[in-house]
Amino acid sequence: MALSEVYWDRQIPLPKLAPVQAKVTVALVALLCFINSYDGEFVFDDSEAIVNNKDLKPTTPLSNIWRNDFWGSNLSSNSSHKSYRPLTVLTFRLNYLLAGGLHPVGFHMLNIILHAVISALMIDVFAILIGGLSYDEKGSILNHAPKTSLLAALFFAAHPVHTESVAGIVGRADLLCALFFQLSFLTYCKAFNRDDRFSVQWVVVSLLLCAAAMLCKEQGITVLVSEMLRTGLPTRLALMGLGGLSMLYARWRIMGTGPPAFTEVDNPASFAENIFLRVMNYNYYYSLNAWLLLCPWWLCFDWSMGCVPLIKSATDWRMVWLLLLWCVLIGLINQALCSQDSQRRRTLTLGLVLLVVPFLPACNVFFRVGFVIAERVLYLSSAGYCLLLAYSLGLCCCRWTKYRKLLCASVLALLCVYIARCALRSHQWRSEQSLFTSALPVCPLNAKVHYNVGKNLADRGNATAAVGYYREAVRLHPTYVHAMNNLGNILKERNELTEAEQLLSKAVSIQPDFAAAWMNLGIVQNSLQKFEEAEKSYWNAIRFRKKYPDCYYNLGRLYADQNRHVDALNAWRNATVLKPDHSLAWNNMVILLDNTGNLGQAEMIGREALRIIPNDHTIMFSLANVLGKLQKYKESEGFFLHALRINPNSASCHGNLAVLYHRWGKLELAKKHYELSLKLDPEAPGTRDNYNMLRRKLDQLKRGISW
C-alpha cells in the first residue's frame, strides 16, 4: 500500500510547504477566486430551490424535507424530478433561520467556505492517490508527493468550471456531496493502520459518510467505487458491496421505484430513435464536457434547447471530437494498465477513476438525465482532471529540465488565467441580468437563453426589449409554450390582442394542460368581448390546476362584465377560500355589493377581509365608502385616515374623504382634502366639481355671516 517518494515530485516548480501551510494556501486561492460572488442575488434555479421552496421556512414541519425532493415537490408527484437531497435542503433551512429570512449573503458565504475547505482537503486525497498510504512513527499519514498534490489542489481550487457550483447557491448540493465524498474516502483509509490491519468500525463510518454524500446529491454513491479499488480481501469487498447495494435499494424505493420523467427539450439525444445516433450524441456530449475541463472559457448556465445541435449523420464534422476523445482515453488507459512504471500506473489509474466514476450518473448510460451538459456535475470529476494535469506537468519537468523556468512560468500563468476567469465568471453569477446576457455569445441558438434574457428584462420593466428576445426564443424553438405565454402577456398589456390570442391559443394547443396559458387566453378573449370563449378558457385553466385563485378572480371579473353578479361573487369567494389574502378578490366583492346597493353585505365582507389582511389600504378605502353611505361617518373617517397613513399619496382617498366631510358638514376639512386630492391628481374625476361646489357654499356662508 505504501510507496516510496514519487520521483517526479521533486521537479514540480513549487516550494515544499508544511501540510498546514499548503492547506491554507489552497484555501486562500479558492477564496480569492470566488469571493466576489458573496453579495450576489438569488439567480436562475435558486428561485425554485430556495426562494419558492416552502421547506426552508420555519413554519413548515422539518419532516417535510425527508418527504419532498430538492425543489420542494412531493416525491410521489408526477412532476417531481426525484432529486432527493434532504441534507442539502437542511443547510438551506439553517441559512434561512440564521439570517432571519431569505438574505443571499449567508447562502453565498457558506458555499464559498465549503469550496475552500474541499480544496484544502483535496491535498490529502491527492497525496494518497499518488503516493499511497503510509504512516510515520506518530501514526500520521505521510505525503510522498507534497508538491504534486499541492499543485493538483491549486488547479482544483481555481478551476473556472466550478463557478456554477460555488456562485450558484443550488450548487451547494455538489459541494456537500464532494465534502462527504472526501471524508468517506479519507475515513476509509483510516481503516488501514500501520500494521496493515483492517478496522471494520472505520469502514462503517465511511459507509455512513457515503450515505450522507448521497443524501446531498445522488453521485455521492460513486465514492464506493474509489474505495473498492483499494479493497483486496473478500470480507472488505462484501462489506462495501453490501453497503452500496443497500443504499441504492433505499434510494430506488424513495424515488418511487421509477426514474423521473424528462422531456425531449431537456435531453434531445436521449429521444433519438436511431441507437447509433443516440450513442454518437452521448459521446459528443462527453467530448464537450472534456473540453470544458481543458478550456473552461465558454461557460453557460444552460446548455439545452438547441445550444448543442444534434449529430444527425455519421458524416457530421463533429464526429472528429468523438474520435479524438476516445484516442486520448485509450492512450491513457493503455499507459495505466501496461506501463512498466508502477507509480505511473497507479497515478493514471486512480486519476482516471476519479475523472470518470463521479461522472457516471450523468452519462445517460444507466438512466436518462434531465440536461445536455451541466457544469455542476463536473465538480468532482474535475479533481481527476486536475490530478492528471499535475502529473503531466511533473513528467514534463522531469524530461525537459532545461525548460524548467519556462514550465514554471507556464504553471503560474495557467493559475493566473484560472483565477481571473473565476473572478469574471463569479461576477457574472451575481445577478440574473449579467448571468443570462453572458450566455448569448456562448449559446446563441439556445431558446432558453433568449427566454431568460427576455423574462429578466420584463421583470425589470423593459417590456419593449423583452418582446424581441421572446420572439427569438419562439423562432428558435417553435413549440416553446412558456415563451409564447410570456410574449402573449406583454402583447395583451400593449393592447395587441389579436396576436396575443393567436400565441396563447397555439400554446394551449401544444400543451393542453398549460393552466397559466389558458387563464391568460381567457383574459385576452374577455378583452376582445369573446365572453363565451373566455369562460371556457378560464374553466379549462381551473380543470388543469384545481387550486387557482387568480383564475377564479379573473372569472369573477368576466361575470361582473356580463352583470352576472351572483356568479361573480361566487368566483371571488372561491378565490379568497383558496388564497385568503387575495386582496383584489375581497375588494371587488365589496365594490360590487356597494354598486348594487347591498351595503350591509358589503360592510360585512369588508370587515371580514380586514380581519385577514388588516393593513390593506384598498379594502379600507372601499369599506370606508360603504360606511359613509350608511351614514356611519365616524367609522368611515377612521378607515379613510388609516388608509391614508399607509398610502398618503392616494388622490382618490383624499377626494372621497373630502366628500365624506362635505356630507358630514365638516366643510373646512372637506376643503383641505379636496385641495390635497387635486394637488396629487388635478384631473381627478368629479373632484374639481365637488371642490367648486364646496367653495360656493363656503362663500355663501361667509356672506351670510357678514350680513
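Each residue, glycine too, has its Cβ placed from N, Cα and C.
Note that the structure is a prediction, hence the values are computed from the model and not measured.
Listed in TrEMBL:
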DOMAIN    258-330  domain 'DUF1736'
REPEAT    447-480  repeat 'TPR'
REPEAT    481-514  repeat 'TPR'
REPEAT    515-548  repeat 'TPR'
REPEAT    549-582  repeat 'TPR'
REPEAT    617-650  repeat 'TPR'
REPEAT    651-684  repeat 'TPR'
TRANSMEM  112-133  transmembrane segment
TRANSMEM  198-215  transmembrane segment
TRANSMEM  235-252  transmembrane segment
TRANSMEM  282-299  transmembrane segment
TRANSMEM  319-338  transmembrane segment
TRANSMEM  350-371  transmembrane segment
TRANSMEM  377-396  transmembrane segment
TRANSMEM  403-420  transmembrane segment
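Model confidence over the repeat 'TPR' (549-582) stands at 95, taken as the mean pLDDT rounded to a whole number. Residues 84-88, 176-177, 179-181, 183-185, 187-188, 190-192, 221, 223-224, 227, 233, 235-236, 239-240, 243-244, 247, 251 of the same chain, all 6+ positions outside the transmembrane segment (198-215), place their C-beta atoms under 8 angstroms from a C-beta of that stretch.
Non-local neighbours of the repeat 'TPR' (617-650) in the same chain are 583, 586-587, 590-591, 593-594, 599-600, 602-603, 606-607, 609-610, 656-657, 659-661, 663-664, 680; each lies 6+ residues outside the stretch with a CB under 8 Å from one of its CB atoms.
Take the transmembrane segment (112-133) and the stretches 235-252, 377-396, 403-420: counting Cβ pairs under 8 Å, 377-396 has the most. In terms of DSSP helix, strand and coil, the repeat 'TPR' (549-582) has 27 helix, 0 strand, 7 coil.
For the repeat 'TPR' (481-514), the DSSP-based tally of helix, strand and coil residues reads 27 helix, 0 strand, 7 coil. Panel annotation: around the transmembrane segment (403-420), residues 11, 13-14, 29, 32-33, 151, 154-155, 158-160, 296, 393, 396-397 of the same chain, lying at least six beyond its termini, place a Cβ under 8 Å from a Cβ of the stretch. Sorting the repeat 'TPR' (651-684) by DSSP state (H, G, I as helix; E, B as strand; all else coil) yields 28 helix, 0 strand, 6 coil.
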